[in-house]
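Only one structure is covered here, and it is reproduced in the block below.
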Amino acid sequence: MDSVTETFLKLLFLLSVPNWHTAVAGNKYNCDDQLVSTLPQSSFSSSSELSSSHSPGFARLNRREGAGGWSPLVSNKYQWLQIDLGERTEITAVATQGGYGSSDWVTSYLLMFSDSGRNWKQYRQEESIWAFSGNTNADSVVYYKLQHSIKARLLRFVPLDWNPNGRIGMRIEVYGCTYSSEVIGFDGKSCLIYTFNQKLISALKDVISLKFKTMQSDGILLHRQGQNGDHITLELIKGKLSLLINLGDTKTHPSNAQINIMLGSLLDDQHWHSVLIEHFNNQVNFTVDKHTHHFHAKGQFNYLDVDYELSFGGIPVPVKPGTSSRRNFHGCFENIYYNGVNIIDLARRHKSQIYVVGNMSFSCLEPQVVPVTFLSSNSYLALPGTPEQDEVFVNFQFRTWNKEGLLLSTKLHEASGGFFLYLSDGKVKISLHKRGKALSDIVAGAGLNNGQWHSVSFSVKRNHISITVDNNVTSSTQASIPLQIYSGDVFYFGGCPSSGNISECNTSFGGFQGCMRLISIGNKAVDMISVQQNLFGNFSDLQIDLCGIIDRCLPNYCEHGGECSQSWNNFYCNCVNTGYKGATCHYPIYEQSCEAYKHRGNTSGFYNIDSDGSGPLGPFLVYCNMTDTTWTIIQHNNTNLTRVKSANRENPHTVSFKYSASLDQLQATINHAEHCEQQLAYHCKKSRLLDKPDGVPLSWWIGRTNETQTYWGGSLPAAQKCACGLEGNCIDSQHYCNCDADRDEWTNDTGFLSYKEHLPVTEIVITDTDRPNSEAAYKLGPLLCRGDRTFWNSASFNTETSYLHFPTFHGELSADFSFFFKTTASSGVFLENLGIQDFIRIELYSPSEVIFSFDVGNGPSEVRVQSLTSLNDNQWHYVKAERNIKEASLQVDQLPRRSHGAPLDGHIRLQLNSQLFVGGTASRQKGFLGCIRSLQLNGMALDLEERAKITPGVESGCPGHCSSYGNLCQNGGKCREKYSGFSCDCTFSAYGGPFCKKEISAYFGTGSSVTYNFQEYYALAKNSSSHASSFYADMTLNQEAITFAFRTTRTPSLLLYVSSFYNEYLSIILTRNGSLQIRYKLDSHQDPDVFSINVKNMADGQLQHVKINREEEMLIVEVNQNEKMKFILSSGTEFNAIKSLTLGKILENSDVDEETMKANSQGFIGCLSSVQFNHIAPLKAALHHTSSAPVIVKGRFTESNCGSLIGADSTSSETTHSFADHSGPIDEGEPLANAIRSDSAIIGGVIAVVIFILLCITVIAVRIYKKKGIYSKNEAKGSENEDSAESALKSELSMQNTANENQKEYFF
């Protein structure tokens, strides 16, 4: 693409001439002269006048002649007051008054302008504001400075509303100045060629500017031809302006490579549109009206040997076959400037640089076309026809964004029927009906709701009907109908009168909203000005002599790549696959960090995160490792151990790392994190890092800041040392890195880089591996970041008058706010920001109601969310508010989202100027008492804690997270408070993981056993003279709570056994038929109580969940969350002097019943998971706390994930593997071997894949052995990533380590 952009800029350079100066499209001096006061009476006109003393000539500001102003004969919305300024003038401001000393004034009005008195255009203050606010009395002056000036000859004021106790009355003034204008007209067959100085002259700045107006949707405005087919063309295509750069088909560029930039819309409206192309060094700006596309390219320009001609209005000679079919421009140009040269002035003076092809004039002919706008679905135009004709011919053009709408209808003469011509799904359809029955449906055209002008030609002759769309034969349809047609006396365009006869005009199709023009009936053009003057036809809710269509997708308010579509009144955003949601695709779907996902209860896995929320950066995929500390793991494209040879200063080995996120996304993630690190392992044999006699390092790495870094893993910035140099334990004390010892044996400098501002590593450069027997290898781990500084950032507001203040919030078109709060107060303002009139405020209005209120200039609006429960319960609650140009919304916790639609044509920009107040207001009233946390505005977090440190009445941080998040700690886990957040203590839970949800499971092999000892026997022996019960009173149980899960196919099996010093016991077994049996012996002199649960064969290989609760004689059993079963014990209620708990086979001598003995004969073979006996977790103790817990393990016993894999509740599983080998020490005696083993651990898993890989390695090893001699002679330069290279290196290291066992002390 670089070559493409470079050539584009080369082509733009060709537009350069010396002595550049700015093209002035309008005077830049003070442009505020009074324009109306000096005009003659003849310059004023109006739709009507109440009397001669109310004529428009009396409508001058502050004048009292006549009746003191203009008033029309009838006060309705079709009246207007018009001023003719005599020539095109720049208008910068307007002012209005009411009629002098009267009750007549206008409260709102439209401002329209035109050059010819036809085809008016409405002025818009903002993107969607049409109306000006008028007067509130007769004599005060309301002055408006126009946001952008008008260049026009005629100005028209159209009253919309007026004093209800009076009538329309106006006095006006217009302010501005003269406007310099050079105009040239093209007839669609001509063009103008400008030839300039052919010397190659460098210019710092190239600019071309012009204005154009046309009724044609297509035509070439500008063309510049280069060599070998290269050219640049500015062309109007379907009403949009295309800047096309074609790079030809030379060897230096790809074939048919093109850059095409589209700007503007609806530019074929016969109004002036400005174009500006600017080239500043490598920056190109392409502007159409107010919309600019910035284009930037790297690299320097070279001069091209091309023609020095610039063609306006067309291409004089077709360059390639097919180009002649492109239309020449038909319309007018104004003020064409090329680097300050007035092209039209040169043409007018017949200068030699100008060559004209065809005919053109130095004036702008205005086509006398009168468009009409159907404003609403209730609009209609009724035109008389000639009745009783056996031929009906109707022609018209229309443009609209709506897919549906009635275009034309009429009643047939002397028949209770008629026909309807209407839009349906963007197609023109004809429905012919008689007595309510459809006789024929005819379809023509497609996609006609694209905003372009489309022509419709409709004819009926006797029983033959024909329709043609866009004069296209392929869009023409003809049909014969079983009915003789005779024309009716009225044609209804666009809709029907609400009181009309249903047989004449069917309203079921919906009214048409759009524009029509060039209407003809019976081949006779309709004079719409006569219709406007009520001399002909009838109409309602129309605007005659203008087309009011606008492109609501320009500019595109759909954010983050959302696709914009529109109807006449509205636009819509398709947010599919953007990663965002809402009316304008503003709000992110994904969380900002792994920490946020964790506290929604999510477990380890891959997640999309959006590190800047609703900001410009998109979401990206990371791995979230949800341990007690939340780690975000971001991978790159080169995680292999890479071997390097034959690199030197002149030919260094350079490797770049590409991450799964952009550098901007990575920076946002790193900034959010509490800590980031990245492991960099450098293994070396006669390859140095920092030994630099000439002051230049031998190897280095580059980070995010694009700066060279010479410190290595485990060291600090600017230290120029490795970890061993900081710790003073390098293998050679004279050097600061192990590798700098320059030994002919493998060693390494490995550690974590943890200076956030330099991470991640983007490039490594190695230069010292070209000496004999010199070699290096490196491995860069993924970027690891933990925590989220913004998620727990909070402040406590202790008084109602306290608040935090921040800079003014800027979110003109879209704004979102999110935060957590907790309080015991009944009300208070969370945040407020004020403007002159605009404001935003979010407040707790009552204990159960939150209100989001704002004003963007359309009057105050608010969105309320009512909660069924109190929100002042001192628990964290989440608030999310959003305001965009389509709607405002508010959500609290998981309550239904509430929204409030914005007016279709109102102010859209939120303009604030005060400070942002958090926790209070500028008036120090209604302040918030409580805590606010994780406050984000448009994805940017506010640092509440830092600001609170210097603010009286506000404290940094906020305790008490367990009251809200304690329920995340499951399965008996206890919530523990931390300054930033909380943690779950799983000490007394059979589960692990950050929320005590991770099942802890183990596989028991044949004869294996786990025994947990409650109390050692020697305590009894030491006190043998005393009664036993005195020693074991604390080990007597009246109740047990037992939970576990198992999976097996063996019967009988012993699942769990609890013994006592008094020959009492509890055994839980599977009988031979697979049923669960619980055997309690609480009296050594009686047989055990036996309780069988015969729900099914539980040895079916599926995971079975068991809960057992005993309270004295009552026993409750629940299997697989089925209905609880109740049993009564008869042997006793006390379980005395319990001794031990056994899982699997009982290895000690025990006096148990025969069934338990049978089950114990093979013990248990299978998986046991999450075993809990009261507060004891024996399985967890055996797996994780063998050294500290009183646990004895015998036989084959290994940790397993059998519970997670088969469990019905998949969400309970928590896989917490990490991509990085950062959890334990590295055996540095075999650096490369260990690195290879860690990679294999990630790849392994599926047996079939492992076998396949082993076979492949075997084949490769044989081939390597055969080619070993060739390889040693022809060793490649640079890096070698193949498995064979790693295997060879591993073998070499193994041999070295075997021969040098005594050197291990250097590595540990």
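Cβ atoms here come from the backbone N, Cα and C positions, even for glycine.
Within the set 629-662, 1275-1308, the record from TrEMBL flags 1275-1308 under the feature region 'Disordered'. Within the set Cys931, Cys975, Cys984, Cys986, the cysteine that TrEMBL bonds to Cys958 via a disulfide is Cys931. Remote same-chain partners of the domain 'EGF-like' (959-997), defined as residues 6 or more beyond its termini with a Cβ less than 8 Å from a stretch Cβ, comprise 598-599, 601, 603, 626-628, 630, 787, 791-792, 822, 874-876, 931, 1043-1044, 1170-1172, 1175, 1177, 1179-1180, 1184, 1212, 1214, 1216. Note: the domain 'EGF-like' (549-586) comprises 0 helix, 10 strand, 28 coil (DSSP; helix = H, G, I, strand = E, B). Within its own chain, the domain 'EGF-like' (549-586) is flanked in space by residues 127, 264-266, 291, 373, 399-403, 451, 513-515, 608, 610, 614, 616, 618-619, 813-814, 816, 882, 884-887, 889, 904, which lie at least six positions past its ends and keep a Cβ under 8 Å from the stretch. Counting Cβ pairs under 8 Å that are 6 or more residues apart, the domain 'Laminin G' (370-547) and the domain 'F5/8 type C' (24-177) reach 3 or more and are in contact. For Cys931 (disulfide bond), applying a Cβ distance below 8 Å and a minimum sequence separation of six or more within one chain yields Ser794, Ala795, Ser796, Phe797, Phe821, Lys822, Thr823, Cys958, Gly960. Of all the Cβ atoms in the protein chains shown, 24 others lie within 10 Å of the Cβ of Cys958 (disulfide bond). Taking the domain 'Laminin G' (1009-1202) as a whole, pLDDT averages 84 in the prediction.
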